[in-house]
């Protein structure tokens, strides 16, 4: 701040954390921020008044900037799979960070899971054969599917493939991201992610954005890597 013969000149400087250049540029453009000297007639430029004025201006600017950079997004996730694949264990490991005692899910469980700047609303729907036809009632507005596979259950992996293919043919899910959790990797006879990919026919999904992640629900291994993939791809689609 310096005083000329008739004007008080303030060179506005703002220190912010370093972000990706493209993100910062877009946010600065959205705020119409111009980092140029600001002129005020000297008679009206008391230090106290200007201090309060710029506190307000800077707080508004920073608030808008950080909203652009960190604005919370919401994502509706449908988590399905055959019964006993580990869906409910995964849900509460993500939500609570601990293992809970589960029973077969007859209806659904729903929880909000916060990860980075994404709020995931996760619907865990029962996987028993008699209630799988009810999955379709949860398809509307779903942005991402988590399909959980018991990697140790070699006898039913073909059944899992049939259910996955049937679900992906639904028009309401045509734009949904697909994340496959190859669960129970801690078991000695578990199929690895590459084998599950082949068994489920994932490479045939030409028009679907998909990813497979090896997981262990009880230890939490791989779960957040899956959420990272969902969050990064949600940002690309936004």
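The chain as shown is numbered from 1 upward.
From the backbone N, Cα and C atoms, a Cβ is placed for every residue, glycine too.
Annotated GTP binding in TrEMBL involves 81, 82, 83, 84, 85, 86, 87, 88, 183, 184, 185, 186 plus, out of the candidates 127, 144, 222, the residue 127. According to its DSSP assignment, residue 186 (GTP binding site) is coil.
A Cα-Cα distance of 18 Å separates residue 184 (GTP binding site) from residue 105 (Mg(2+) binding site). Residue 83 (GTP binding site): 16 other CB atoms within 10 A of its CB, across all protein chains.
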